[in-house]
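What follows is a set of notes on a single structure, which appears directly below.
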């Protein structure tokens, strides 16, 4: 009997040991999320968090948005918070600005920022200037968002980049996300900001999936407006970009790395207020600078960066003149081959970097 009892107790002890054993719990894995889904998730979380937030624009409700960025929000929040508007940018932008002045937090979607020109008086004269003109008594917490810059085959009237246009205006904050992390963190910060914020998205990036880090999956995740991010560390040259060209810069950096050239790639994230300190610190390390943007060259984002570097402490660290890579100084052509030659490509960035380094 003792032998039998020993046979029984042995497995029981082993089972007890298994029950007491502590297993390692790994952190939740990063998930793949498209830029479209990231913006949608960010808006959803803020709509849920604050009942003063609402979305309006053309086809944003029952149709789920022209680019499906607002998919599912109308079914969840209803007609009073997800509002379809007539095709009248001046009209619905004015309604949104008035709602912001009354204490709500509207998200005003333009089907493309080219159409925001129809509402420029509301954006600049009403939204951007009111806080200053009221001596700080009247905030205008509104987000103007939608696709910006070149798309594919939509020609001159649908392909402009408005980063420099809106970045020129005091009273506005201007953000320009590249990946899903940028998109979610910036839309949430923009909605919570008490100033008018212009969020320049990119139609060609909506369907691109990126890994969303664990911290970005939190409902409390925010990206500070006015802070750039170093996407790739390097020692030979600083390359600064925003929106879709950030990806082109990283591709160029990967190619050049095989040749022994290490590029430091900075994702601006915010156009205004610009994180010039991050750019200066990088230039002081690499001693070379290239800026990349999809907009026109004259009075552009790159021109502003170069001017600020020239006026600041980093200028004395440059070993060569800064070089800009921009869109061509023409209205966007319709033909694909001309369109491709009108916006910066990876080969153009590589050429500019080698030119700056005199290679």
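Cβ from N, Cα, C; glycine included.
Fair warning: this is a prediction, and the values are worked out from it, not measured in the lab.
Cβ neighbour count for residue 67 (phosphotyrosine) (all protein chains, 10 Å cutoff from its Cβ): 19. Residues annotated as phosphotyrosine in Swiss-Prot: 67.
In the three-state DSSP reading, residue 89 (thiamine diphosphate binding site) counts as helix. Taken from Swiss-Prot, the feature thiamine diphosphate binding site applies to 89, supported by similarity to another entry.
Of all Cβ atoms in the shown protein chains, 17 besides its own fall within 10 Å of the Cβ of residue 193 (K(+) binding site). Annotation comment: Swiss-Prot describes 142, 190, 191, 193, 195 as K(+) binding site, evidence class similarity to another entry.
If you look up Swiss-Prot, you'll see 319 marked as site 'Important for interaction with DLAT'. Cβ environment of residue 319 (site 'Important for interaction with DLAT'): 287, 288 lie under 8 Å away, each six or more residues apart in the same chain.
Marked as N6-acetyllysine by Swiss-Prot: 354. A helical conformation is recorded for residue 354 (N6-acetyllysine) in the three-state DSSP classification. Neighbour density for residue 354 (N6-acetyllysine): within 10 A of its CB lie 14 other CB atoms from the protein chains shown.
Other Cβ atoms within 10 Å of the Cβ of residue 89 (thiamine diphosphate binding site) number 22 in total over all chains. Cα-Cα distance from residue 142 (K(+) binding site) to residue 89 (thiamine diphosphate binding site): 15 Å (rounded to the nearest whole number).
Counting in whole angstrom, residue 67 (phosphotyrosine) lies 20 from residue 191 (K(+) binding site) by their C-alpha atoms.
Residue 191 (K(+) binding site) falls within a helical segment according to DSSP.
Its Cβ placed at the centre, residue 190 (K(+) binding site) has 28 other Cβ atoms within 10 Å.
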